[in-house]
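A short worksheet on the structure shown next.
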Amino acid sequence: MTRAFARLWTASLFSEIAEWMLQIALPVYIYQATGSAGSTALAMAAGVLPMILLSPVAGFVADRCDRGRTLSLVCAGQALTAVPLLVYDQVWLVYAVMLAQSSAATLFEPARNALIPQIVRGERIVSANGWMGFNSSGARLLGSSAGGILLATGGLTTVIVSYLGALVVAAALLVRRFHVARTPVVHEPMWRAWLGGLTEFRRERRLRLIGAVLLVGSVAQGMFLVLFVVFVTGPLGGGEAQVGLLRGAQAIGGLVAGVVVGTSLLRRLAPETMTALGGTGVGVLTLAIWNLPGLTTGWTVYFVLFAVVGVPSVLIMSGSLTVLQTAGEPGKSGRVLASTTAMMAVCQTAGMLLAGPLADVWNLTALLNLHAVLMLLSGLPALAALWSTRRAARLPQGTASAATAARPSLDH
């Protein structure tokens, strides 16, 4: 990998560690201060809302502005908005800070992901995304652990000071300009520019394919966020510690998968295929997990299984991100990424709202199995396209050459 990518990777690591520290510490702080689960849920919603509302702005900024400078300014802005918590710790201020942090993160992700193809050669983009998956899993382990431990031992002030320190390192690494080729900029109103990003999905078949995978998977993910806690505290008979332990276990599998993808051990696997296998893999594994309590409730078994779930999860992220970065026009990649994030947030919210009421009236195992089936279904569009492409390749040479010229290969 290039020095520029190494710098971006390291800055992203510190930025995501900081983000996970607050994602864990602030909702826990609110719950301790209010004793209300509803207040905690409101705090979680504050993290989702900007992803939907700021999608046009995030895509516009990622495509119109210098991406490296945008990342540096976002880190600096996140640090500044958290400073008031060093002086005041009222719950309303914590809500405001969470909303500001989530808004800034909404700007960060599209700009960072759109920058990767500019600093990494085309054949190395999948590998680069694999290392970013490793990065995210490591940050999740370190940041979530640090957020909980620092809140318990030093209070909210200690969390904020550590958060600011991580962001200062990230911003410092991003200050130096990334030398990238300029992409043509078409000056047009923000909403028209955002709609231009959406039209890429209509124009490009690969984007439609991956979009379908991600949207169905996001509904399932929303259900998972609600049902996971019920599963651990219900059939498994666990508590808060076990919930955190099993959620963290997924990051371990993610670290392994990140190394495998990052070192190009899967370089012969097309990103669409990687995404499809990841979706079906999560579906198969969770289907087994949800139906296992009748046989065993041993924590070691579930720790290992949830760690394994982290492997196909990174395959989904690495494969889908590669397609989103490269399938459309380079000048619109930021808007494509931002629009995808917004639609995934909408579908994830729908999954939460679906699972909540149904959990009160449905059998829990049946509802969990519905989640697993949705994950299985999420991989089917890409698998069907792969089958179609291979079938065309087996046609007589004259027909096959015409057919394969009309559609991108999914296995190369």
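Using the three backbone atoms N, Cα and C, a Cβ is placed for every residue, glycine included.
No curator has checked TrEMBL annotations; they are predicted automatically.
If you look up TrEMBL, you'll see 12-31, 37-58, 70-88, 149-175, 209-232, 244-266, 273-293, 299-324, 336-355, 367-387 marked as transmembrane segment.
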Recorded stretch, among 70-88, 209-232, 336-355, 367-387, maximising Cβ pairs under 8 Å relative to the transmembrane segment (12-31): 70-88
For the transmembrane segment (367-387), give me same-chain residues lying six or more residues beyond its boundaries with a C-beta closer than 8 angstroms to one of its C-beta atoms, as numbers and ranges. 209-210, 212-214, 216-217, 219-220, 223-224, 227, 231, 270, 272-273, 275-284, 286-287, 290-291, 355, 358-359, 410-411
Mind pulling out the one from 70-88, 273-293, 336-355 with the most Cβ pairs under 8 angstroms to the transmembrane segment (209-232)? 336-355
Residues outside the transmembrane segment (70-88) whose C-beta sits under 8 Å from one of its C-beta atoms, at least 6 past its ends, are 8, 11, 15, 18, 22, 61-62, 94, 97, 100-101, 104-105, 107-108, 111-112, 115, 156-157, 160-161, 163-164, 167-168, 170-171, 174-175
Excluding the flanking five residues on each side, which residues at least 6 beyond the ends of the transmembrane segment (336-355) place their CB within less than 8 Å of a CB in that stretch? 48, 51-52, 55-56, 58-59, 62, 106, 109-110, 113-114, 194, 197-198, 200-201, 207, 211, 214-216, 218-227, 324-325, 327-328, 367, 371
